[in-house]
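According to TrEMBL, the feature transmembrane segment maps to B:6-22, B:29-49, B:61-79, B:91-111, B:148-170, B:190-211, B:255-274, B:286-305, B:311-333, B:354-376, B:388-408, B:429-453. Per TrEMBL, the feature domain 'NADH:quinone oxidoreductase/Mrp antiporter transmembrane' maps to B:113-403.
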Amino acid sequence: MIEILFYLLSAITLGSAFITILSKNPIHSAIWLVVCFFSIAGHYALLNSQFLAMVHIIVYSGAIMILMLFTIMLMNLNISNEISKPLVTKIVATIAFCLVGLVLVSALTQTAPAFDAYVNSGQDYQSIQVLGKVLMNEFVVPFEMTAVLLLMAMIGAVLISKKDKKIA
Amino acid sequence: MNTLIALAGLAVLILVLEIINLRKTIVPLTILGLLAALGITFCDVQILSDNYNNMIVETNFSKMFSSLFIVITIFLVAMSQDFYKEQYEKISDYISLKIFLLIGAVCMISFGNLTMFFIGLEILSITLYILAGSNPTKIKSNEAGMKYFLLGSFASGFILFGIALIYGATASFDLNTISNAILNPETPNFLSLGVVLVTIGMLFKIAAFPFHFWAPDVYQGSPTITTASMSTLAKVAAMATLFKIHAIFESYISEAFTVLLICLAIVTMFVGNIMALKQDNIKRMLAYSGISHAGFMMIALFNTANATAELFYYAAAYSFASIAAFAIIIAVCKNYKDEKIKHFKGLGKQNPMMAAVLTMALLSMAGIPIFAGFFGKFFLFDSALQSGHLELVIFGVINSIISVYYYFKVINQMYSQEAISELPETNHSWIYKTVAVLAILLNIAMGLCPSSILNLF
């Protein structure tokens, strides 16, 4: 059952990713990307990572896709005027990508799964409770630094959008 | 950790000062706060001695580089007062962003855990993206911000992917666990893939060949004070971090990758210097010279055991010379739209003091004795010889000779050409002069007694 679901989800992920790249209309690409993100969230759920799946749907399918659609619409990119790259660029890009893919695949196929046998620890490591405890104990400094990062990004957004008094 | 907390407090304090209408006191108070932070860092005041699960590791290395970053930031903040005079209502944002930049840099070199490294790197880079594009009415600044953001996020993506692979291979973000796992022969092979990806990302951040293409455009388009922080603070922070990461994984990476890195260091020096020969914009020229300096600093990577003090000395010498040069460039080019080298014509007669400081800064970068730049190169070459990399020394010397040409092009313009512009006598702000003189004095002091710096390690 799970195997069938996995192959189904993988087919949807790959298929929608291909259509995202190949479709001429940017809006269609964005919508197909949503499908792709949802199916990746499905993969997370299959791996028993409910929290990650939810966050993925909220952040990627929700926030980031809306941002992308807004950008496309605001900048009037939906009129497709694709600049076709010269053939040499395409060939070089394909070769470079194949080489990177070869390295990644060959490195990752050598890996053995870290755990051969599953041990039931009796604790649900996917629960938000455990995650919160880890964040607040072991990883409290990075957690606080992320707060600094967000504060800084906010100040930056204000700085760029603030009007100069002289021009206004 | 104490440094980080003090700096974060300072950054928030600046924002509060803006709210309670004390805008005039921001710059002096920030400089005082930074001096206090420098004291805390340098004298190793331990108010909190918890090491927070090894997230932040305070070593002599991190202490010295943090102190250097704080000194550089003091200079940058001091120059901000006059530089942002026309947008004075934004001064608190600019100053607090500079402090955040410093927090990112300190976080990057004192990390004990790869999560801290990545967050520090992001704080540093995102601040720079904002500062590069912080002049939205200028098309060049927009271009710089956009280019830096797009390319920089790719580099961050590489680093994140690399960290994920390292985590996959060693099951930890912690540096101690990772360095133990390296010695374990059962560690999967793709650890090296992760190390390579992280190194690539860091090479982008220091603008080494072949990841240097962003540097000239971004340096030219950004507001000059941002260019100064990029070429000093950001470059040195990224270089020191690359050195730290390289030292951890040195025993693990293959011989071929070391050879590749040596070639990259040599080509970086050549590309930077040869491209700088033809530039007519001084910011672009300094961008290329910064690329070649990154190549010089990469020499330290091949003798990680003994080159820490040498790298610090070179980085400090380069930063102080750069700060002095940029202070003069800001002062001279304030009334022009761009930063062409021809604006410097006749500066030797109009303003001998500023011309002399710029000359000394450029001579230090070229590596002429008494200035610290010479001894920096000397020590780095010495460390390369100790580790048996004669080829690095040969190419380094050739490049030093090439670089003399374009540095002297500017000096020649200042002294042997008449001024062409009939600009009214500009009243250069005393702040720039003070910063430039102080920076160059620090540089000369380092050159006169190099052992005082080297003995700190």
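We number each residue from 1, going along the chain as drawn.
Placed from the backbone N, Cα and C atoms, the Cβ positions cover glycine too.
Counting Cβ pairs closer than 8 Å and at least 6 residues apart in sequence, the transmembrane segment (B:354-376) and the transmembrane segment (B:429-453) reach three or more and so form a contact.
Against the transmembrane segment (B:6-22), stretch B:91-111 shows more Cβ pairs under 8 Å than any other of B:29-49, B:61-79, B:91-111. Only pairs six or more apart in sequence are counted, and the transmembrane segment (B:429-453) with the transmembrane segment (B:61-79) gives three or more Cβ pairs under 8 Å, enough to call it a contact. Tertiary proximity for the transmembrane segment (B:29-49) is limited to same-chain residues at least six positions away from its ends with a CB under 8 Å from its CB atoms, namely 1-3, 5-7, 10, 13-14, 17, 58, 63, 66-67, 70-71, 73-74, 77-78, 95, 99. Under 8 Å from some Cβ of the transmembrane segment (B:61-79) lie the Cβ atoms of residues 3, 27, 30-31, 34-35, 37-38, 41-42, 44, 95, 98-99, 101-102, 105-106, 109-110, 225, 228-229, 232-233, 236-237, 240, 244, 308, 312, 315-316, 319, 323, 327, 330, 431-432, 434-435, 438-439, 442, 456-457, all in the same chain and six or more residues away from its ends.
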